[in-house]
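Taken straight from TrEMBL:
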{"type": "ACT_SITE", "residues": "C268", "note": "active site, nucleophile"}
{"type": "BINDING", "residues": "D154, D189, D214", "note": "S-adenosyl-L-methionine binding site"}
{"type": "DOMAIN", "residues": "28-338", "note": "domain 'SAM-dependent MTase RsmB/NOP-type'"}
Amino acid sequence: MIDTSTATAVLRGADIFAPGILAVETNVNVDDKVAIMVDLEKKCLRGYSEKFQGLKFHVGNGILKKPRRAIFSKPPSELSGDGVFMVEPLYRTCGIPLGFSHLVFLQNITSTLTTRLLNVEPNNIVLDMCASPGGKTVHIASMLRGTGFVIALDKNKYKIDRIKKNAQLCGVESQVRTYAQNATKLEGDLKPQDYKGLPGQGFAANVFDRIMLDPPCTGFGQRPTFSTTKDVQEVRSFRESQPAYQIRLMAQAVRLLKPDGTLVYSTCTLNPYENEAVVAWCLKNYTDMELLTPDTMLGGPGLAGFGLEADACSKVQRFDPVNNPETVGFFIAKLRKIA
């Protein structure tokens, strides 16, 4: 038995590290072939030795590489190394070996597309408003070709450290400036070059050439995943609560964008209230913002009935895993501030 986060990694091509193992039957030995099950309800106690009767799902078969006593004699935080080598995963996904982690940065094609649509140019000053874990940030920094810089914001200090680490890993730390900052509270009078992320500081209007806004969202497009536990009532609440937060971020983005500057808005959810409705709100409230036809169109059209006219629906990109089986669920809109 393994936990849900470990199972998600398995479906993405990973082997199983020892800390992710919850239970092993007592009659199993090292080098035995084992069936890998995920505990869907998070009810399996660590170290359980019998056949688990709770709700579970089979994600593949593998070869056990550590004895049971070695796995459960220490807390997970003290364990390391492979626990199971996968030989028959449910999906034949290509994993990235650890030895290559300094050479490649794994990213969904939809996330890669958002940064390409920014059309970053040399010497641009770019804002990544909700930047963690930094995939889009480092991609933007690489496109600057050693000129200009990107400011990456996130409310969480731990996440900021993660962005810094990824920038260093990709060799673009000189182009990335990171700050622990709530992106809904950026009112001020500073130019990006003078910003230090100190309390009370903020940016003047019309100061960024490009802005990436990939806000926190309900994440209903993420896959594979085993961790969604939201009920219908909670999902309905997202029609008001989550879009309200994204609208506050959008308002800041519009204020900070230079005339003739580009703003890309994206989410990893299928919820139209966080997608089409937010873009429609922006176009209704800011007459100097226009929706652009993307340079590259890989997704399908937006959904009608959520504030966008037919022509506008043809300009946004909606990625539905039913129609785009190689992607997660995603939404992208490209906007420009009219000079």
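Just so you know, the numbers here start at 1 and follow the chain as drawn.
Even glycines carry a Cβ here, placed using N, Cα and C.
TrEMBL annotations: computationally assigned, not manually curated.
Since this is a predicted model, take the numbers as computed values, not measurements.
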Across all protein chains shown, the one of the binding-site residues D154, D189, D214 with the most other Cβ atoms within 10 Å of its Cβ is D154
Can you name the binding-site residues among D154, D189, D214 whose CA is within 10 A of the CA of the residue listed as 'active site, nucleophile'?
D214
Of all C-alpha pairs drawn from the S-adenosyl-L-methionine-binding set D154, D189, D214, the farthest apart lie at a distance in Å of 24
